[in-house]
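According to Swiss-Prot:
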{"type": "COMPBIAS", "residues": "143-154", "note": "compositional bias 'Pro residues'"}
{"type": "DISULFID", "residues": "29-77", "note": "disulfide bond"}
{"type": "DISULFID", "residues": "43-92", "note": "disulfide bond"}
{"type": "DISULFID", "residues": "46-130", "note": "disulfide bond"}
{"type": "DISULFID", "residues": "54-108", "note": "disulfide bond"}
{"type": "DISULFID", "residues": "58-110", "note": "disulfide bond"}
{"type": "DISULFID", "residues": "113-120", "note": "disulfide bond"}
{"type": "CARBOHYD", "residues": "33", "note": "N-linked glycosylation site"}
{"type": "CARBOHYD", "residues": "50", "note": "N-linked glycosylation site"}
{"type": "CARBOHYD", "residues": "141", "note": "O-linked glycosylation site"}
{"type": "CARBOHYD", "residues": "147", "note": "O-linked glycosylation site"}
{"type": "CARBOHYD", "residues": "152", "note": "O-linked glycosylation site"}
{"type": "CARBOHYD", "residues": "158", "note": "O-linked glycosylation site"}
{"type": "REGION", "residues": "131-165", "note": "region 'Disordered'"}
{"type": "SIGNAL", "residues": "1-20", "note": "signal peptide"}
């Protein structure tokens, strides 16, 4: 009887491990629709644009004995193919180029975080609002939803991957 219980427990644990490893409930890394705030220094306006960004789950691993073994590289959701679109900000004074470009994710991949194409830091407090305090209350006619993921910034300071410490 004990052998039967042991086999049953082993069967249940192996099935649970298989199901959990597939991560069926977590959306994988893919382009998703997002609303971003767009502003430019010197222009008295901040508007929102609809675009696609890369977001979602990338499988990662961590070591149990972190002090003994070296850290494993962690992958994040990155742009694979990207297109840039431009918009003209209304009301910019003469001498200020009113054209602003932003990224549109065409495809995404799980890879090491590269600062040349990805914001490797934590999420901004309010990724969908303007940075200039003059525009905080009036960045758009409709406030963007607060639940959207933080957008990645393009380009960044270097192409060095971020590894865990």
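Cβ from N, Cα, C; glycine included.
Mapped onto this structure are the features recorded in Swiss-Prot.
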residue : record                      : contacts (Cβ under 8 Å, 6+ apart)
29      : disulfide bond              : 54, 55, 56, 57, 58, 77, 78, 108, 109, 110
33      : N-linked glycosylation site : 50, 51, 52
43      : disulfide bond              : 89, 91, 92, 93, 96, 98
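Under the three-state DSSP scheme, residue 92 (disulfide bond) falls in the coil class.
According to DSSP, residue 113 (disulfide bond) sits in a coil region rather than a helix or strand. When the disulfide-bonded residues 46, 92, 108, 113, 130 are compared by the number of other C-beta atoms lying within 10 angstroms of their own C-beta, 92 comes out lowest. Geometry remark: residue 46 (disulfide bond) versus residue 113 (disulfide bond), CA distance 29 Å. When secondary structure is read from DSSP and collapsed to three states, residue 130 (disulfide bond) falls in the coil class.
Reduced to three states, the DSSP call for residue 43 (disulfide bond) is coil.
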